[in-house]
Amino acid sequence: MTDEALSIYDEIEIEDMIFDPNLQIYHYPCPCGDRFEIAIDDLRDGEDIAVCPSCSLMIRVIFEVVCSLPASTRSRIWDADNVPYLQSDLPKDGNQPAPGAVSVQA
């Protein structure tokens, strides 16, 4: 569906949404009393529209995509200045990505 065909109620930063780790969804209160929902897998697929299951309202979720590198290129990574650094220099597994970032497979 094109943006022109969608009636977007609001645009919400992903930092303002609540993540449910059990259901793997982000949600945000809807004016109807229910909540807008979007699955983490939908975000990874590039979807940015959260819907309310109880009414016709939709919101656009504003987020930054962070790509995960294929296994063959993970040991060496280049920064913006084209300077390589090692995967071991990155934050350890227990650390979360930056607020507003959604990790996706490249």
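One-based numbering along the chain as shown.
Glycine residues also receive a Cβ, built from the backbone N, Cα and C atoms like all the rest.
As given in Swiss-Prot:
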type	residues	note
BINDING	C30, C32, C52, C55	Fe cation binding site
DOMAIN	8-64	domain 'DPH-type MB'
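Proximity of C55 (Fe cation binding site) to non-local residues of its own chain (separation of 6 or more, Cβ distance below 8 Å) is seen for C30, C32, D34, given in sequence order.
For C52 (Fe cation binding site), applying a Cβ distance below 8 Å and a minimum sequence separation of six or more within one chain yields C30, C32, D34, R35, F36, E37, M58. Looking only at the binding-site residues C30, C32, the densest Cβ neighbourhood within 10 Å occurs at C30. Here the domain 'DPH-type MB' (8-64) has a mean pLDDT of 95 out of 100. Summary of the Fe cation site environment: with the site residues C30, C32, C52, C55 set aside, the chain residues having Cβ atoms within 8 Å of the Cβ mean position are P31, G33, D34, R35, F36, P53, S54, S56, L57.
The secondary structure of C52 (Fe cation binding site), as reduced to three states from DSSP, is coil rather than helix or strand.
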